[in-house]
Amino acid sequence: MHDDQEKYTPPSRVDTPVSIVKSQSSCTPIIHYSSSSTLQTPYTIYGKWQKRFIVLGAAIAALLSSVTTNIYLPVLPVLADHFNVTESKINLTITTYLVFQGVTPAILGGFTDRYGRRPTYMICLTISMLSNVGLAVSDRYVELLVIRCFQAIGVASLQALCQAVVADVITNAERGQYMALTQLAPILGPSLGALLGGTLAYLLGWRSVFMFLAISSLVILSLMLLFFPETCRRIAGDGSQPVSKVYQPLRHLIKVYRVSRTSDNHVPSDRDTDRVERQNGAAAAPILLTLSQALILFFRKELCLLTLYNGLIFGGIQAISTTIPSQFMEIYQLNTFRIGLLYLPVVGGGVIATLIIGKAMNWNFARYARKGDISALEHGRQHDLYDFPIERARIQVALPALVISIVSVAAWGWSLEKGTSIAVPCMLIFCVAFGLIGVNSAMTSLVADTHPGQAGSAAAANNIGRFGLAAIMTAAIQPLIHAVGIGLACTIISCLYILFSPLLFVVMFRGMRWRVALREKEEAREREKHGVGGANDPEQSTTG
């Protein structure tokens, strides 16, 4: 019998130590990164099409989250009328929704990293289904306000889960294109949700909007139970590790049951997998630890700066989306159905941004790999980004999209202020979507790249900033428009993007140094804990 106690082993990478030196001609640090920092085994057992279907399944669930957020917008005037409340009170249901959408992933992000993706999906989708049924039968404003909070709890973590699933099964060399695919949810969701909301409210009444969401939650929950595998690497490893029944798709369990009835072959039981789960820390991890993990990550320098700026970007998206119904109804006298159609240019801009930014991220990653003479970037193998300037590779791609965002957001506001032809704001909202979604895609990918093994917690920490700032900007946009007008309000948003843009440059030029220092500190702590290493430890690899 093999001993379950394993000795401490340093991370399985072959690396040439990172060296940070000063240039003689300038004080700018020159960073030489290793040429062979690639993990030596295939990252996952899943083939190309299996990975595509896994990511697609996670993206569809994430789509429910963004549809839920925005399907509500076209019916805001109808709800204000029905519940006999002011526009500001109805907007409060959006603000509280965004607050819960930001807080919930901080709890479930650590939970999913420890207990798996499948259990988290089941909890979230069940809450989503029940809360939407409650909203469909609500008759008082207080009920609407309270149940909207539960609705947010149900869908809040679906986008973070999607990012975590991508990190589980996709290597960072391929991640740009796949991460961009997952951004189709926040891209298509606002437009598809608004279009569906306007159409359903116009044809069947506002209650049909929530019944549609309840049915959608039930369908996605059923598909997840039947087909979606557990991808959390802490539990399932590369996909070949035995797991207990709760982590197995029902389709697989049915197949195993049929085989067991017609064969004498041994079928692994839950008892066979208990030891594996204990070794991976999935079975007995205290829940309180999962609550704090996202907050711990949030206050790390690099992630905090990224999260704050990404929060401004996402907050701008939400603030602009919130203003569309009231502004176009007031200026162009459109009904709910036509207001829903106005979100279609957002789809076009977002889809094109996804395709272009995804390919650009992969191209720039490969460019830096060649520049560093990294010849071991084989297909299907994960690259250790310990000493790779991933911040530069990702943020450089985001900068052109940021410039487009700054210009188009201000121009969109002034086109409405001046009451131009409706074609002008429609074309400009296309540019707004292209720019903002492009920046968001690159930032989201960078968060996953810099936190391997903690994708769920990192995405949850990212959502704290994103939805926190989105809640503030959504609550502030309507009073700001009333005070200064839509043109100046959008100009203020563009100015915020310019004012805080140095945060991106700080991360781009200092992020790798911070990661190296943090990695060395953590490895030193592990060596001390296990009684390994000393003064001549080869892991000490930073100079200057």
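Just so you know, glycine gets a Cβ as well, placed from its N, Cα and C.
What you see is a predicted model, and the numbers here were worked out from it, not measured in a lab.
Annotated features, as they stand in TrEMBL:
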{"type": "DOMAIN", "residues": "54-513", "note": "domain 'Major facilitator superfamily (MFS) profile'"}
{"type": "REGION", "residues": "523-544", "note": "region 'Disordered'"}
{"type": "TRANSMEM", "residues": "53-75", "note": "transmembrane segment"}
{"type": "TRANSMEM", "residues": "90-108", "note": "transmembrane segment"}
{"type": "TRANSMEM", "residues": "178-203", "note": "transmembrane segment"}
{"type": "TRANSMEM", "residues": "209-228", "note": "transmembrane segment"}
{"type": "TRANSMEM", "residues": "303-321", "note": "transmembrane segment"}
{"type": "TRANSMEM", "residues": "341-361", "note": "transmembrane segment"}
{"type": "TRANSMEM", "residues": "397-416", "note": "transmembrane segment"}
{"type": "TRANSMEM", "residues": "422-443", "note": "transmembrane segment"}
{"type": "TRANSMEM", "residues": "455-477", "note": "transmembrane segment"}
{"type": "TRANSMEM", "residues": "483-509", "note": "transmembrane segment"}
Determine whether the transmembrane segment (341-361) and the transmembrane segment (455-477) share at least three Cβ pairs under 8 Å, counting only pairs 6 or more apart in sequence. no
With pairs 6 or more apart in sequence, are the transmembrane segment (90-108) and the transmembrane segment (397-416) linked by at least 3 Cβ pairs under 8 Å? no
Taking the transmembrane segment (455-477) as the reference, which of 53-75, 209-228, 303-321, 397-416 gives the largest number of Cβ pairs under 8 angstroms? 303-321
Feature contact check the transmembrane segment (397-416) with the transmembrane segment (483-509), CB under 8 Å, 3 or more pairs: yes
Tertiary contacts of the transmembrane segment (303-321), as residues 6+ beyond its ends and Cβ separation under 8 Å: 69-70, 73, 98, 186, 190, 194, 297, 343, 346, 405, 409, 412, 429, 432, 436-437, 439-440, 443-444, 446-447, 450-451, 458, 461-462, 464-470, 472-474, 476-477, 490, 493, 496-497, 500-501, 503-504, 506-507
As a test of reading the model: what is the averaged pLDDT for the domain 'Major facilitator superfamily (MFS) profile' (54-513)? 82
